[in-house]
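The next block holds one structure in the form of structure tokens; read it before the comments.
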Amino acid sequence: MSKLDLEEVNSMQRGKVHGPFLVENMVCQKNHMLTSKGVFLGSDPLKYAMPLMLLQMSVIIITSRLLYRLLKPLKQGMISAQVLAGIILGPSLFGQSSAYMQMFLPISGKITLQTLSNLGFFIHLFLLGLRIDASIIRKAGSKAILIGTASYALPFSLGNLTVLFLKNTYNLPPDVVHCISTVISLNAMTSFPVTTTVLAELNILNSDLGRLATNCSIVCEAFSWIVALVFRMFLRDGTLASVWSFVWVTALILVIFFVCRPAIIWLTERRSISIDKAGEIPFFPIIMVLLTISLTSEVLGVHAAFGAFWLGVSLPDGPPLGTGLTTKLEMFATSLMLPCFISISGLQTNFFIIGESHVKIIEAVILITYGCKFLGTAAASAYCNIQIGDAFSLALLMCCQGVIEIYTCVMWKDEKVLNTECFNLLIITLLLVTGISRFLVVCLYDPSKRYRSKSKRTILDTRQRNLQFRLLLCVYNVENVPSMVNLLEASYPSRFSPISVFTLHLVELKGRAHAVLVPHHQMNKLDPNTVQSTHIVNGFQRFEQQNQGTLMAQHFTAAAPFSSINDDICTLALDKKATLIVIPFHKQYAIDGTVDHVNPSIRNINLNVLEKAPCSVGIFIDRGETEGRRSVLMSYTWRNVAVIFIEGRDDAEALAFSMRIAEHPEVSVTMIHFRHKSSLQQNHVVDVESELAESYLINDFKNFAMSKPKISYREEIVRDGVETTQVISSLGDSFDLVVVGRDHDLESSVLYGLTDWSECPELGVIGDMFASSDFHFSVLVIHQQEGDSLAMDNSYKLPASPHRVGDPRVHPRFSVEEGFTSVDLHSNR
């Protein structure tokens, strides 16, 4: 019998064997103790593997969720909450009780939880890799390459110089030097999946800073993987073994990219064609490939998550593969198993065993590498002419760490690369630095500030200054197109008053990590979202062809989390100098007028756009699907349009838009002006500064009505909100479209009693009434964005049209006084 076998026998006789996972000693136990017989038969469920694992998972998930709720106001992420949950449940806090440890974390109960959580983790890492578009490395740009390189090179190089200095100055033991070198490699890295996760949680993934941080992180991670792979391979005993291991791992990556990737793509395309349904994926074959690659990784001496991650990277992100696999696997891997895996790092953390010998030196090196990373990123950003606030925010984002770094810490601790002291310090510092960085980024960076710093563009300004009318139309699906085309037709594009239209297809980000905002022609032709975008674009292009020379359209697609996609809307509106953003209402109506579907995410988008938009915003309540489908094919438009006017900036904006509709020779426009009885009294005093522009606008509409028989002005005298409601209810189905302002003077007697309740405050008091199922016409609720615009201030004075029943060819907003030329209204189409 060999010496090794003899030691094993002696160990078993002492009641212990070498553990199969962490190379530690374990107490021998019966291997059939899996499920309990039940407490009624005298069995203790927590002595069995299955009940104990279920208890551990339940407690970990519940604790991490509670901590996340508590820390959410401080902008902390789920990963931080999960690590804290492990620390609280582990030996650092609750684990000080030996009875608790024997019940909740016995030695025999660790392996089952760790094995299952590792399974979930490598599936999660596969999903993270799946969301990565490897092509963005080529698209990163010189700025991102410079910043990403500086973010990795400075902490890595200065950190190692610090190690040489400490080694020679303090005569550090070799194991401590080796541990510190490992710390430097870890802290120098910035993981692309972690960065995009942080950006998404902070709702800045599709902001300018978010896109730059995304590109910088993938450049930094490319360096990290190269160094980590070489470091991992050449730690082996024996040079030849290290070389062979490196060769075989490289061969595995080549097999993944040049064998597995083409095979999976071929299977996906073949299945989609055979069942004639886009989006279907060969789920079972992909899972078998994933398990095989993960097993091969373990055989070659690297973690199963390594092969899983690179398999994910090799596959196309987004639909159908990215979206389909994410939908099927994310709940199990991310929501159920990942909290257990992350919490295990906290369970292994013990504050009470941190010694005093080299703690200060190790912590100093950790902080130095973080500081070098921050300074390197900030300096490179300043060199690239990035504003100082954004440069600091970017540097803080590059210092954030998460699941990849935690996995690396746990793996190196298990392999004895990191000692317990170093592991504890890394986890604690990671929590503190990431938590502080996230909070400071929220304080320093506000993507909407670039919108607020600009002067606002309004419809009133466009009319007064004779500017081109520029519309940004947001659509989610093909069903939104017909009524949007109706709205364009009603807006009456003409040779002397053309319209520039920018359509934006909004797609919720699924199956990919980075947000995109691109012109339609740059979309991936194999992406199912491109197919839907093409159908949307075709509808608008058909209308554009019917109005050549009077309407020019550009088409864009934005894929981003719905929590922050409002930044794409506002960015495009700012870049294209849009006058009005039109966004669909979050409720969809059936043919009979009842609410068919409600999407709370769309409502949040609308609220964010209303708050941050650089121009006027219109929320469109679409009830004209049947008629709308005819608009694309038959140039059908609404025949009867009403505008509700009470008072205020938004009502004036709605009236200005309706006056453009009134130019259409085939559309009848009725202005319904609500006035209180007191306003008719001769001694009624008005605020001249606030109502002067309204008076000019109303008089202008009245004069326009005198020259066009299809334009009418109707005055309704009411005493309170009850009579206002009665008048509105009497509208019935007389109109195809009603245009109304969002905000009014809430103290107005016209609205008395109506302001106490509102289901949808984003529509205002009157708009909220129109959203009920009692009405069957479409509604456009317009909000004039507050800001430094000409509209509704003292400088805005639309010239009063001459008192004439006059020439119908003369456009009411053109006059000799303003230096404009009269145009022929009936021959300019």
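Glycine is no exception: its Cβ is also placed from the backbone N, Cα and C atoms.
As the structure is a computational prediction, the values presented were derived from the model and not from experiment.
As stated in Swiss-Prot, the feature transmembrane segment covers range 281-301 out of the listed 281-301, 470-490. Counted as Cβ pairs under 8 Å, contacts with the transmembrane segment (145-165) are highest for 361-383 among 48-68, 180-200, 240-260, 361-383, 425-445. Most Cβ pairs under 8 Å to the transmembrane segment (117-137), among the stretches 77-97, 361-383, 392-412, 425-445, belong to 392-412. Scored on C-beta pairs under 8 angstroms, the neighbour of the transmembrane segment (180-200) with the top count among 48-68, 240-260, 281-301, 329-349, 361-383 is 361-383. Contact check: the transmembrane segment (361-383) against the transmembrane segment (392-412) gives at least three Cβ pairs closer than 8 Å, residues 6 or more apart, which meets the contact criterion.
Stretch with the most C-beta contacts under 8 angstroms to the transmembrane segment (425-445), considering only 77-97, 240-260, 392-412: 392-412. The transmembrane segment (77-97) makes contact with the transmembrane segment (392-412): 3 or more of their CB pairs lie within 8 A, with pairs spaced 6 or more apart in sequence.
Long-range contacts of the transmembrane segment (392-412) within the same chain: residues 77, 79, 83, 121, 124-125, 128, 147, 151, 182, 186, 189-191, 193-195, 197-199, 209, 212-213, 216-217, 220, 228, 303, 305, 338, 341-342, 344-345, 348, 370, 373-375, 377-378, 381, 386, 418, 423, 426-427, 430, 433-434, 437-438, 440-441, 444-445, each at least 6 residues beyond the stretch ends and with a Cβ under 8 Å from a Cβ of the stretch.
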